[in-house]
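These features come from TrEMBL:
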- 137-459: domain 'PDEase' (DOMAIN)
- His213, Asn214, Ala215, Val216, His217, Asp254, Asp363, Gln414: AMP binding site (BINDING)
- His213: active site, proton donor (ACT_SITE)
- His217, His253, Asp254, Asp363: Zn(2+) 1 binding site (BINDING)
- Asp254: Zn(2+) 2 binding site (BINDING)
Amino acid sequence: MEVCYQLPVLPLDRPVPKHVLSRRGAISFSSSSSLFGAPDPRQLSQRRGAISYDSSDQTALYIRMLGDVRVRSQVGFEPEGRGSYPYLCIDFRTLHCDEIKVVKSKWRLRRLLSFQRYLHSSRLLWGTTHLNPLHILDEDYIGQAKCMLEQVGSWNFDLFLFDRLTNGNSLVTMTFHLLNQYGLLELFQLDMVKLWRFLVMVQEDYHSLNPYHNAVHAADVTQAMYCYLREPKLAKSLTSCDILLGLLAAATHDLDHPGVNQPFLIKTNHYLAKLYRNSSVLENHHWRSAVGLLRETGLFSHLPAEEGLKMERQLGSLILATDISRQNEYLGKFRTHLNQDDLCLSNASHRHFILQMALKCADICNPCRPWELSKQWSEKVTQEFFHQGDIEKKHKLEVSPLCDSQRNSMGNIQIGFMTYVVEPLFAEWGRFSDTRLSQTMLGHLGLNKASWGGLVQQERPSSPDELEPSSPKCWTPLLF
């Protein structure tokens, strides 16, 4: 059982305890950090990490320092008695701990070994001006991964295979390749070592034991975002800054996702829910986590301060748009623009809105992929849902919609998701961008829905109360 520590407010010049430095949260001594030299404890104590607040804010300071330690009454986070459930001390890093830790650590070392070899063997540190990013991979993978990256704009791109070929580094490799392909490193004068360090840290801060919300999902969303950025209307209108923000937002949109949803965090009085006042809790955390890594690595430190802050705010605006509880808000605005035919992509605010819609589409595009890929994603997200339900049952909490494995099946969850979430969004996206890609996505969506319908017909209800596949009852709490 995890212990809830009550910590006094310490002065900022006091050394950071060793048990804090070893935590994964805002301060981490991961293998990726050690490649660049670990900073001293005083520097780490100032790391903004997941929450970018001024150092004068003691509450936020200790939350970012302590990661998953539950900061309570001493710093103002004693749960209020408003909810019907007590504060649960659940370590979200261990929610999906079916794998053996030793195996996990060996896998992590192996998937970072390619970059370690690269640092030792390349002449980058001696002033090499240009390097093909594909050389970062081990020789065994260069040919196959390079062949796949040549088809990175294909809607049939198999991210699962690409992740294996890159030895678990699909997010780093994908994002670096796309940024380099657009020439954004040179255009924004991004330091290659800082960029690579940032991407490695982003990949590390995704929880690899989450069945769905992990770095592979982030890489898949990034690849889908690239496909949308290449659509004619966007390709001829977006600026280089728009493209940079779009790709970075896709790569970081679920950063440090705990593998449970917002209602779970709220009803368990989790400190993140308290911090963000129960509003877009996860999305705010993803954004703050991304900002923390941007500042720690200094990726934009060479830009004017105002420009850097503006990019951070725009990055947050994109990530916050992925909140499914605001789905109808964005969809209604999108539909109104299309009905009035008043979208003008020479207008910066309109371009930003379209980027938000593109990221929303990329985030939930799995049902629009070919069946072989879509089914794998469905299995992973259902596994994550049901695991949350098992935790809720264990702690005698009300089981969240879609998370009860005895009342829901993969088929009825997917049909409901397609009917009430995916179809309305992609129908409007097809109106905006009536291209071959849009037709392909809608075609796959129809076929996949029919396939799930056939599977549901073969399933027997586990109880008389089992929800119908088309019932909006499960989705209403999530969409409003």
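Glycine is no exception: its Cβ is also placed from the backbone N, Cα and C atoms.
Feature annotations (TrEMBL) mapped to structure.
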| residue | record | contacts (Cβ under 8 Å, 6+ apart) |
| --- | --- | --- |
| His213 | AMP binding site | Tyr206, His207, Asp254, His257, Gly259, Glu384 |
| Asn214 | AMP binding site | Tyr206, His207, Ser208, His257 |
| Ala215 | AMP binding site | Ser170, Leu171, Val202, Gln203, Tyr206, Ser208 |
| Val216 | AMP binding site | Leu159, Phe160, Asp163, Ser170, Leu171 |
| His217 | AMP binding site | Asp254, Trp377 |
| His253 | Zn(2+) 1 binding site | Ala218, Val221, His286, Leu318, Ile319, Thr322, Leu359, Asp363 |
| Gln414 | AMP binding site | Pro367, Ser378, Thr382, Asn448, Lys449, Trp452 |
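The local packing around Asp254 (AMP binding site), expressed as other Cβ atoms within 10 Å of its Cβ over all shown chains, amounts to 25. Each residue in the domain 'PDEase' (137-459) has a pLDDT score, and their mean in this model is 96. Each residue in His213, Ala218, Val221, Ala250, His257, Thr322 lies on the same chain as His217, His253, Asp254, Asp363 and has a C-beta within 8 Å of the C-beta centroid of that Zn(2+) 1 site, without being one of the site residues. Within 10 Å of the Cβ of Asp363 (AMP binding site) there are 22 other Cβ atoms, across all protein chains.
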